[in-house]
Amino acid sequence: VHLTAEEKSAVTALWAKVNVEEVGGEALGRLLVVYPWTQRFFEAFGDLSTADAVMKNPKVKAHGKKVLASFSDGLKHLDDLKGTFATLSELHCDKLHVDPENFRLLGNVLVIVLARHFGKEFTPELQAAYQKVVAGVANALAHKYH
């Protein structure tokens, strides 16, 4: 991902304030509600029948936290996202057969959740930087598909 020094600094500074558990659970939950076809990968999570059930589901929250913990690792290695996410890309491609488009969707949902949580602090410039990051992460996760 090609970020300016200012963008890297702003992305890192905001991320330090992120509650990974809360934001991760909300982002994954919203993905499953807004794009219901993504639920097929999470059938073992139990009740996903309503938006309320999804957003309160402890397995969704736990996996969302796990997803954002991986995203945090990516932020520490912005110059080598493909290397950082190689194992996860392989898992999602070869074993889980996740549509790589879902990574892009989740990235966009994450940006929305960050905007919701940080309000005015999530400036258009910061959003632009985060869009670059989530696009880079989605690309790295889709790498094994190519």
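Glycine residues also receive a Cβ, built from the backbone N, Cα and C atoms like all the rest.
Since we're looking at a predicted model, the values are computed, not measured.
Here is what Swiss-Prot records for this protein:
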| type | residues | note |
| --- | --- | --- |
| MOD_RES | Val1 | N-acetylvaline |
| DOMAIN | 2-146 | domain 'Globin' |
| MOD_RES | Thr12 | phosphothreonine |
| MOD_RES | Lys59 | N6-acetyllysine |
| BINDING | His63, His92 | heme b binding site |
| MOD_RES | Lys82 | N6-acetyllysine |
| MOD_RES | Cys93 | S-nitrosocysteine |
| MOD_RES | Lys144 | N6-acetyllysine |
Nearest-integer angstrom distance between the alpha carbons (Cα) of His63 (heme b binding site) and Thr12 (phosphothreonine): 22
Recorded positions listed as His63, Lys82, least Cβ neighbours within 10 Å: Lys82
Nearest of the modified residues (Val1, Thr12, Lys59) to Lys82 (N6-acetyllysine), judged by Cα-Cα distance: Val1
Between the residue listed as 'N-acetylvaline' and Lys59 (N6-acetyllysine): CA-CA distance (Å): 31
Local Cβ density at Lys59 (N6-acetyllysine) - other Cβ atoms counted within 10 Å: 15
For the domain 'Globin' (2-146), the mean pLDDT of the predicted model: 89
Distance from the residue listed as 'N-acetylvaline' back to the residue listed as 'phosphothreonine', taken between C-alpha atoms, in Å: 14
Lys82 (N6-acetyllysine) - helix vs strand vs coil (DSSP): helix
Val1, Thr12 as modified residues, winner by CB count within 10 A: Val1
Secondary structure at the residue listed as 'N-acetylvaline', reduced by DSSP to three states: coil
